[in-house]
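Participant: Dumping the structure here so I can ask a few things about it.
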Amino acid sequence: MEPCELQNELVSAEGRNRKAVLCQRCGSRVLQPGTALFSRRQLFLPSMRKKPDLVDGSNPDGDVLEEHWLVNDMFIFENVGFTKDVGNVKFLVCADCEIGPIGWHCLDDKNSFYVALERVSHE
């Protein structure tokens, strides 16, 4: 999606999500509209798979993603689970179908939770 399209369709003038954020696989609601800030930061996320396969760390395949929703409090999420620690990172997964990672949380920064726009859908 082009930056201008992104700004108009998904990001409000205040930089917040205009639409609800949903799991791409099962449609479960991850975030309500207006609860996250748009952020550009390069983060590596492993390829999408079920939660138990994420914590073994044996599969380095994945993507460097740049566009994210930034949430500063884990209790803002509607339906998100967290993996066990993988180094100093916890990956975010859908709490209903356990597919992920849809996002990333560094344990060094207690107030930053990133959800990759490419790993979720919007409604």
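Placement of Cβ uses the backbone N, Cα and C atoms for every residue, glycine included.
Annotations per Swiss-Prot:
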| type | residues | note |
| --- | --- | --- |
| BINDING | C23, C26, C94, C97 | Zn(2+) binding site |
| DOMAIN | 9-123 | domain 'MSS4' |
| MOD_RES | M1 | N-acetylmethionine |
Participant: Can you give me the average pLDDT across the domain 'MSS4' (9-123), rounded to a whole number?
Facilitator: 92
Participant: Helix, strand, coil residue numbers for the domain 'MSS4' (9-123) per DSSP?
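Facilitator: Its residues fall into 11 helix, 54 strand, 50 coil.
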Participant: Which are the residues of the chain, C23, C26, C94, C97 excluded, whose CB is within 8 A of where the CB atoms of the Zn(2+) site average out, their centroid?
Facilitator: Q24, R25, G27, S28, N79, A95, D96, E98, I99
